[in-house]
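*Asks:* Questions regarding the structure given below will be posed in turn.
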Amino acid sequence: MKVKKKLVTLGLAAGLVGQAIIPFNVLAAPKEDVKVNYNKETGNAQFFSGHLNSKAASNKESLVYQFVEENKAKLNLDSQIAKKSLKVIDEQKDELGFTNFRLQQYYRGIPVFGSTATAHVNKDGVLTSFVGELAPNLDKKPALKAKTKLDNAQAIEKAKADLVKTEVSSAPTYEVAPSAQLSIYVKDDEPRLAYVVKLNYLAPSAGNWIYAVDAVTGNVIDKYNKIDTATAVTASGKGVLGDTKSLKALYSTNYTLQDTTRGNGIYTYTGNYRTTLPGSIFASTSSVFGDPAAVDAHYYAGVTYDYYKNTFGRYSYDNNNAQIKSTVHYSTNYNNAFWNGYQMVYGDGDGYTFRPLSGGLDVVGHELTHAVTEYTANLTYQNESGAINESLSDVFGTLIEYYDNRNPDWEIGEDVYTPGTAGDSLRSMSNPAKYGDPDHYSKRYTGTQDNGGVHTNSSIINKAAYLISQGGTHYGVTVTGIGTAATGKIFYRTLTTYLTANSNFSQLRAAATQAATDLYGSTSAQVTAVKKAFDAVGVY
């Protein structure tokens, strides 16, 4: 998992001896203005909003640490000073003038896996929100004082052995060298010392596994596959559905699907029906490309890049103009598409369950949004945070359809799923129950399959997003829609500014409400739509 970290020092530069330091902020917080949202299941604070300053601070980062220090009891933090409990891993200033910090929780110098927070200082120097449910009361956990008995290499071998024994048919060929990091891993509300091991491979089938190996016993305490799937010169060419598209390409001795006009490039490869990535760059002797799967993969990657750039000022999935690589013709009759942490991969389908999956703009937008998520909130791909991850990919996949005005609708995968069945799709955002998916929190899946139902419970948030945009009455709650443009702005700010790695549905509601408040004001129709939509699906 690659996450770019921008460490920014905000300390004042040394000035003349005796020069007065003007406090960055001099306003105290009116206590009645502070609101705290608690996780109803754990009782832990997870979202603070309002005027959170209590006294002056020399800079914005100090303001955040001052807040953490003063609110240790509410956050259930350990006895460490704030700067040892939380470390800034990213700082960004946005178009509204907010300075947004992303912080990683640590205990005794060891990172707490999946435990992050965000803090937000507005242009007037007011800390307006602090978001994130942190691992509580670590001082009281004897397991964290145990002596480790494994090293990184041993932990990797434990994970690899379990993978071969339980998940794959033969030892895989690793795309990148397996890695391990000593962490504090919370499983069933119990933290323990564990190595977080990452195993990324393409054969015998693609995998991006995260393992937690107990650092004392060597037992595997958790694992999940982080493959994000969909259950599922000027040139030209016809796409999967037969429509002609204009393409950006290069020409030397032949034409290749290389677009150098967008960021650091969009490159489209053929896997030649094998599983070695990325394969070979797609080439043609003519400026008219005759491979529909390659045409759509290349064109839709460009549309997705343009959507994020033109709508939000985001340059590629990492906001640093990363190359976008896509491989078509992966394996044989492969009924899936995925982002593997490095590039996009598309199967051709078997002709019955799927046609070539790159033929769906919402599928391409969905998968590339997983990359955006990995470089922002980095939502853990399990349970409610994983369902949010999946839902946001559905939301933006749909909004990209509206952006390109290419037969937009609120169905997912309709252009590539079951080509012999008209009107069919993978999921319906407007009517999740159409395919047996839940449309209310009371109907959520609570089992362990599919990483805790990430592709099932996502439909609850999908329905809320649909209501925010299009409006409607659901379980007796009427929502007035605000349109796709405002919906996109709210969910983008929610994802990139407020969500944390382990956000749950309740925190998503609070985050979306705060994002709408930032953008449109606390009494706006947009804020009302967000609140009503989450009411309608039973998320509070």
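Any Cβ shown, glycine's included, is placed from N, Cα and C.
Since this is a predicted model, take the numbers as computed values, not measurements.
In case it's useful when we look at the structure, here is the feature table from TrEMBL:
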SIGNAL    1-28  signal peptide
DOMAIN    85-134  domain 'FTP'
DOMAIN    153-223  domain 'PepSY'
DOMAIN    235-374  domain 'Peptidase M4'
ACT_SITE  Glu367  active site
DOMAIN    377-539  domain 'Peptidase M4 C-terminal'
ACT_SITE  His455  active site, proton donor
*Asks:* Measuring Cα to Cα, how many angstrom lie between His455 (active site, proton donor) and Glu367 (active site)?
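*Replies:* His455 (active site, proton donor) and Glu367 (active site) have their Cα atoms 13 Å apart.
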*Asks:* Check the domain 'Peptidase M4 C-terminal' (377-539) for me and report the mean pLDDT.
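*Replies:* So the average pLDDT across the domain 'Peptidase M4 C-terminal' (377-539) works out to 98.
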*Asks:* Kindly report the helix/strand/coil residue split of the domain 'PepSY' (153-223) according to DSSP, in that order.
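*Replies:* The domain 'PepSY' (153-223) comes out at 14 helix, 37 strand, 20 coil.
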*Asks:* Pull the DSSP breakdown for the domain 'FTP' (85-134) and write it out as helix, strand, coil residue counts.
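*Replies:* Output for the domain 'FTP' (85-134) reads 1 helix, 34 strand, 15 coil.
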*Asks:* Look up Glu367 (active site) in the DSSP assignment and report helix, strand or coil.
*Replies:* helix
*Asks:* Could you work out which of the active-site residues (Glu367, His455) has its C-beta surrounded by the smallest number of other C-beta atoms within 10 A?
*Replies:* His455
*Asks:* With helix taken as DSSP H, G or I, strand as E or B and everything else coil, how many residues of the domain 'Peptidase M4' (235-374) land in each class?
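*Replies:* The breakdown for the domain 'Peptidase M4' (235-374) reads 38 helix, 38 strand, 64 coil.
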